[in-house]
Amino acid sequence: MTQYAASAGDAIVDPATHGLDVYAVGGAIRDTLLGLPVQDRDYVVVGATPEAMEARGFRTVGKDFPVFLHPRTQAEYALARTERKTAAGYKGFSVYYAPDVTLEDDLVRRDLTINAMAQRVAEDGALVGPVIDPYGGQADLASRTFRHVSEAFVEDPVRILRVARFAARFAEFHVAPETRALMQRMAEAGEVDALVPERVWQELARGLLEARPSRLFAVLRDCGALVRLLPELDRLWGVPQRADYHPEVDTGVHTMMVVDTAAAMDTPLPVRFAALVHDLGKGTTPADILPRHVGHEARGLPMIEDICRRLRVPTDCRDLAIMVAREHGNIHRSDGFDATALVRLLERCDALRKPERFRQALLACEADARGRLGFEQRDYPQPVRLLRALQAAASIDAGAVAKRYADNPAHIKQAVHVARIEAVAQAGL
């Protein structure tokens, strides 16, 4: 039996929850039924009041609805509640919670049937009794279907992002046609426009970190939400590239192959975001020069900066994305660079001061090179040579050079630059 206690020693009666009607809900039940590790552990308490919870030592943490921290384990327990839409956006709800709210009342407000299941939690922390599944979640798990619980799905635009994120995690699932229709209706009504930027980024970032991030963007694009959230990305579909370099031709298809390749390489979030936006400039290539994309690197930079401002993207993701968009072509071509060109590239990337960020840029470029039809398993030797060049350039003691030019400080920067070139050349690169 699955245990929800903090440790083996918790498999005894818990005085904080003794006598409470407690259920594990949502992702914990879904993942248990799928045979997956349980990541999210949410509890709902039926028939209690805030005062009763506080009297047991629980600490209130919810601002918009009653959520409490267990006095010992710090696990979150929420009172069963219902919600009613009162205004646009994901915060436009009034919440009702009282002892007369049933478990089924609480479950019906949830987004998908596969997240609207529960199981009673015994006083020793074990799950007991049958899975409570009033809305067909187990059947939808079996058919690998994302299906909304009720028409109230349309009241919360975050649910569009959540469905898309779940698609990136559970790539074999599909969106039920009736749920897709609701999502399209929400997008057309502009509901996603009311989302706060931080929440949009939070869901996109979580989706990028899943195994198949391309599925997130496929779902958003299919329902019409992508063009409202990331129009710079949406316009890439249908833009052709040279078939000799890109057998997949379509720039949007290529971009999705790149983010999935970055995911398969188990890269961190900054690399995956850089992979997502590295070719945005191709969406504004003049039609008369297609399928070539001369200057797309520079054209993409202001778009990336605008997205990062708009969605409050973290600095590490923004900085890497800008570097990769600007330099990915040069990194691809670097196998033909001489020592001078190699050092210039390293210095533009600030690789000597931030070598780890440079390594991440190389990962994004490898994902770009391999994210092409027929190139998925091709070797990408550029990082080996560039990292050897970085090691050689880093062997120069800039402080020692500065001392030699103490009387002529204007020449220090150039002298260090020349010394690095000589070191790279002597390394046979």
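Placed from the backbone N, Cα and C atoms, the Cβ positions cover glycine too.
Features as listed in Swiss-Prot:
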- GLY27, ARG30, ARG110, ARG162, ARG165: ATP binding site (BINDING)
- GLY27, ARG30, ARG110, ARG162, ARG165: CTP binding site (BINDING)
- ASP40, ASP42: Mg(2+) binding site (BINDING)
- 251-352: domain 'HD' (DOMAIN)
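ARG110 (ATP binding site) sits 13 Å from ASP42 (Mg(2+) binding site), taking the CA atoms of both as reference points. Mapped onto DSSP classes, the domain 'HD' (251-352) shows 79 helix, 0 strand, 23 coil. Non-local neighbourhood of ARG162 (ATP binding site): ASP111, LEU112, GLU203, each in the same chain, at least six residues away, with C-beta under 8 Å from its C-beta. In three-state terms derived from DSSP, ARG110 (ATP binding site) belongs to neither a helical nor a strand segment and is classed as coil.
Long-range neighbours of GLY27 (ATP binding site) (same chain, six or more residues apart, CB within less than 8 Å of its CB): VAL38, GLN39, ASP40, ASP42, ASN115. Of all Cβ atoms in the shown protein chains, 24 besides its own fall within 10 Å of the Cβ of ARG30 (ATP binding site). The average pLDDT for the domain 'HD' (251-352) in the predicted structure is 97. A Cβ within 8 Å of the Cβ centre of GLY27, ARG30, ARG110, ARG162, ARG165, the residues given for ATP, is found for these other residues of the same chain: GLY26, ASP111, LEU112, ILE114, ASN115, PHE166. Reduced to three states, the DSSP call for ASP40 (Mg(2+) binding site) is coil. Packing around ARG165 (ATP binding site) is summarised by its Cβ count: 24 other Cβ atoms lie within 10 angstroms of its Cβ, all protein chains included. Taking each of the binding-site residues ASP40, ASP42 in turn and counting other Cβ atoms within 10 Å of its Cβ gives the largest count for ASP42.
Every protein chain considered, the tally of other Cβ atoms within 10 Å of the Cβ of ARG110 (ATP binding site) stands at 22.
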